Amino acid sequence: MWEHCLKRLEAEIPKNEILLWIRPLEVSIESNHISLLASNDVVLDKIESLYFKSISAAIKEIFGQGYSSSIKIHKPYVPEITEQAQSTPKNNIPSNIDHRFVFDNFIEGRSNTIALAAALQTAQTPNPEFNPLLLYGSTGLGKTHLLHSIGNEILKNNPDEVVCYLHSEIYVNEMVKAIQQKSMELFKQKYRSVTTLLIDDIQFFARKERTQEEFFHTFNYLLEGQKRVIITCDRYPKEVNGLESRLKSRLGWGIVVPIDPPDYETRVVILKEKAKHLGFTLDDDVAFYIAKQLNSNIRELEGALSTLKANAFFTGKKIDLTYTKQILKELFKVNHQIVSVENIQKTTAQYYNVKLSELLGKSRKRSIVRPRQLAMYLAKDLTDKSYPEIGESFGGRDHTTVLHAYKKMDELLSENNDLNEDKQKIVNKLTE
Ligand SMILES: Nc1ncnc2c1ncn2[C@@H]1O[C@H](COP(=O)(O)OP(=O)(O)OP(=O)(O)O)[C@@H](O)[C@H]1O
């Protein structure tokens, strides 16, 4: 019936405005009342000022005169934090917490169960058992989302807490400024007066000795005062070159938890949920297709959905499998233009520390075969070359060998997280 309302509104409101503002609303019906849920204030204002009258009239027409309607903000996106807690910097420390990232919209899967449990425990217990909490994993897997969720949850339960989210790069910049302006004492005090410090991407501290030293003392000060410290890093901290060993060791004092790339089923769920929040329903076959194509990074999944939505919006096309394949092919073409088979071979060989001649040669050693198969897989995925052409570039191999490698890798990538991470790192190097 809501679909009928949307259709009815087309008589008064341009279709693109309906798609942009009204279709994404969530609709909930309780007895004779229809609640429309907007994802944020901007949408709420827009609907109230421009469209609500027409929407109410359409609801009465389609559902019946006895139906009333209202519009409000979608609950899961707005934790109940008081105005003051959200906006007033306490002790001159802005919380920098992004209220869009909350536990409610973090999707759980095998790859992040422990990270989520640890984050919840940290957020919901006044003196968490494991402090500091360190979350590590490669890009786009939800580390920042969890940091903000922790911050939001703490402020929801106790608005008086001084919670501060900070990207490590900002910390470094602020410190450089403090040195220049001879205001180090103020800088020290600032971060020592928080009750929860959420610090993102600590790998940025590598080789910045002075920052590490200052952070080390702040970190100790907070832990001794039983304040929460939650940190993220793009890899296992011990593997970060250029981080002092005493800091590395201190980072591991609480609990160190990995977040892995999501498995296939979780990617499907994430795609469907995210599409819902973008205001459209993703058919199963489309979700399965995208989940298969993009298998390492949730930010990429979001990017694919936004691209799809924007294209469908401007062309008026329905998002089905054929259209999705066409659009995503365009998306991947960007990479095709800059990535060559030779580049893939060189980068993969370098990544796995094997000689290019070995990668292209006849060796059947597992340590060579796996990188070779992955390079073949990437060549097929990231370039326009055919199986025979790729076979030719890999020391004159038959196209069936490349086909076999592709299938094998496809199968392994859907279940092997380490391999996914390797693949992602190679792709990053190729496109950086
Ligand atoms: N489990 C999840 N459920 C819902 N959304 C997720 C999940 N994991 C990640 N996302 C979304 O994916 C995007 C990227 O996540 P996020 O920024 O937290 O990644 P990250 O691990 O911090 O990456 P980086 O190291 O590059 O900063 C965000 O929009 C986030 O909301």
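Including glycine, each Cβ sits where the backbone N, Cα and C put it.
The annotation ATP binding site is assigned in TrEMBL to G140, G142, K143, T144. The domain 'AAA+ ATPase' feature in TrEMBL is assigned to 129-260. Residues annotated as domain 'Chromosomal replication initiator DnaA C-terminal' in TrEMBL: 340-409. Here TrEMBL flags 1-84 as region 'Domain I, interacts with DnaA modulators'. What TrEMBL lists as region 'Domain III, AAA+ region' is 96-312. The annotation region 'Domain IV, binds dsDNA' is assigned in TrEMBL to 313-432.
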Residues within 8 Å of the G140, G142, K143, T144 Cβ centre (excluding the ATP site residues themselves): G137, T139, L141, H145, L146, T232, I259, I298, R299
Around the Cβ of T144 (ATP binding site), the count of other Cβ atoms that are within 10 Å: 19
Secondary structure content, the domain 'Chromosomal replication initiator DnaA C-terminal' (340-409) (per DSSP, counts of residues): 52 helix, 0 strand, 18 coil
Among G140, G142, which are binding-site residues, the residue with the most C-beta atoms within 10 angstroms of its C-beta: G142
C-beta crowding around K143 (ATP binding site), within 10 angstroms: 24
